[in-house]
Amino acid sequence: MGKIVHIVLWKLKGPIANHEVAKEAISALYKVPGAEVMKLGPPLLDGRAKGFNWGLYSIFSSAEALQKYAVSEAHVKVVENNVKPNVEDLIAYDFELDE
């Protein structure tokens, strides 16, 4: 089994003025161990983003590593305390890279 790409797109709550606070809160995900690569950022082309205004791209060594990350106490804490209060909608998408 190859590496796993984990993508999450968020629609941040509230006016754009509050988005910097939301982005800072969500950036706490950088401190959660498990991903080999993790990047967060806004879309380059807003018109194609369908209202999703912040995204995460990460790579995990395996599906098991992604699952371990997803249920880890550190990840759950960041999601509950930092992500959910700042997000009105999200989509998550995972796929395996060819070796």
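Including glycine, each Cβ sits where the backbone N, Cα and C put it.
Feature annotations, reproduced from TrEMBL:
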DOMAIN    4-95  domain 'Stress-response A/B barrel'
Restricting to the domain 'Stress-response A/B barrel' (4-95), what is the model's mean pLDDT?
91
Going by DSSP assignments with H, G and I as helix and E and B as strand, what are the residue counts for the domain 'Stress-response A/B barrel' (4-95)?
42 helix, 30 strand, 20 coil
